[in-house]
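A.B. asks: Have a look at this one before I ask anything.
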Amino acid sequence: MSVRLSNLTVSYRRHPAVHHVSGEFAAGQATAIVGPNGAGKSTILKTMIGALRPDAGRVELGGVSRQHIAYLPQAAQIDRSLPVSVLDTVLTGAWRHMGAFGAARAQDWQAAQDALAAVGLGEFAQRPVSALSAGQFQRVLFARIMVQDAPLILLDEPFTAIDARTTHDLLALVRRWQAEQRTVIAVLHDFAQVREYFPHTLLLSREVVAWGPTAEVLTEANLQRASANVAHWHEQAPVCRVDDAAAQEAQP
Amino acid sequence: MNELYTLLVQPFIEFGFMRRGLVGCLALALGCGPIGLFLVMRRMSLMGDALSHAVLPGAAIGFIFAGLSLPAMGLGGFVAGISVALIAGLVSRFTSVREDASFAAFYLLALSVGVLLVSKYGSNVDLIHILFGTVLAVDDAALLLVASIASLTLLTLAVIYRPLLLESYDPAFLQSVGASGGAYHLIFLVLVVLNLVAGFQALGTLMAVGLMMLPAITARLWAQSVGGMLLTAIALALSSGLGGLLCSYHFDLPSGPAIILFAGSLYLLSLLFAPAGGVLPRLIRQRHLAH
């Protein structure tokens, strides 16, 4: 499945966080989105799931509905003080099948158990989530993504504050998802991870700095351009005229 | 044995008003326990309090038009409570005022309007009746209302249990799978207001929220699962109703405060002794395990 951004602009209080971004994510492969803080990386993911509305342009999901996207937000705001079990958390990944009111099928339970085993937490099914460490909990959230069985997987800084061992295990899952022809898009900061596990990279600083094979994107020159770009921010910025110019050109 | 009978059973055998009061309290407890628990889990413990104040002006308007009539006051209270909940929710969604702040603003407005209306058009005795209610004066119509609201509450909660719980636990996930968390939140707010309306005849607008919150807060100290907390909250609310009524009978106390104080005592005792969060179990030093 292909995800295409066409002339996408998303702004907060009129200031664009993502500015006239166009391009296509490689279908069935893994793309990393990198760039400095404030470059609009999370904004692109949030627009894909429909949580933010574009000011201009659009996200084309290739006919896939929102229910077929698995999205792991940055520092998920999950209330872990509630006495919910690990297995129940993973089982919510089967929402597409059971919805708000339907029963979980036998295969949903099985999928949840299998996913927990795959992330190395098979023994933890009945524990409350409050008893887990941050790394273990991230494993639980990856297990839920496996149960969601989605063709498009969005990860927003999934390895921040996660130890090396856990990161390594979870990156193996990302590799497995690529082998299963799923499209994975992850916001990351560790270039070594990106080079090793992500064949494609989008380098962003509100606008596309470079987008393509990772080795060609992550060059010193590109990275410098990216960090210079984000520094521009003016309270009194003029209104953007890019769309006006495009409209004039289109007229006969 | 005989003394126990005199203490616990005889008041209900002997007096019809005690029996009706008991049935009313038990029905209230069935609805209020789970509602309170969801308020606690959604970090809205104080919203229940705010909404209970918001019910007052509606009840007062009903009182002005129809006197001490339960349907009129109940309907007025329901409309006022829902309005405050909706307006406060909308204001927080479309302005920079946060939800708890806008709730506080609107319930204070509503409360002052209510007190103004009652003191202008009713005697002070009536005001006290509205504020503090009296469980021993509930008639058959009131019982029917309370029982209907309790049934509706339990049925609705059973239906929306999963999305409502998930909306408290992981709202971003619910949004990402395309379910409308806001709709369930709204249904839940309607249930909260309905239960407050059910409670105000028996316990008064100010006390009604006590039977909702105290058992729910206490339940968190005892149970380790959501289902367990729900059952514990209901059990605590039921025993508070029974215990409070008996205290009010034997010591000649007003029934509303007696019930809430009974629930409050259970809470204080649990703070000390409850296994899941009490003070004393924490003080008992247990040696750590090998792994």
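Glycine too: its Cβ is placed from the backbone N, Cα and C atoms.
Marked as transmembrane segment by TrEMBL: B:20-39, B:46-66, B:72-91, B:103-121, B:141-161, B:230-251, B:257-280.
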A.B. asks: Can we call the transmembrane segment (B:230-251) and the transmembrane segment (B:20-39) in contact, meaning three or more C-beta pairs below 8 angstroms at a sequence separation of 6+?
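C.D. replies: Result for the transmembrane segment (B:230-251) with the transmembrane segment (B:20-39) is yes.
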A.B. asks: Could you name the stretch, out of B:46-66, B:72-91, B:103-121, B:141-161, with the greatest number of CB pairs under 8 A to the transmembrane segment (B:20-39)?
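C.D. replies: Between the candidates B:46-66, B:72-91, B:103-121, B:141-161, the best contact partner of the transmembrane segment (B:20-39) is B:141-161.
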A.B. asks: Which residues, given as numbers and ranges, are at least 6 beyond the ends of the transmembrane segment (B:46-66) yet have a Cβ under 8 Å from it?
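C.D. replies: 36, 39, 72-81, 83-85, 100, 103-104, 106-108, 110-111, 113-115, 117-118, 121-122, 126, 130-131, 189, 192-193, 196-197, 200, 205-206, 208-209, 212-213.
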A.B. asks: Looking only at residues six or more beyond either end of the transmembrane segment (B:141-161), which have a C-beta under 8 A from one in the stretch?
C.D. replies: 20, 23-24, 27-28, 30-31, 34-35, 38, 70-71, 74, 184, 187-188, 191, 194-195, 197-198, 201-202
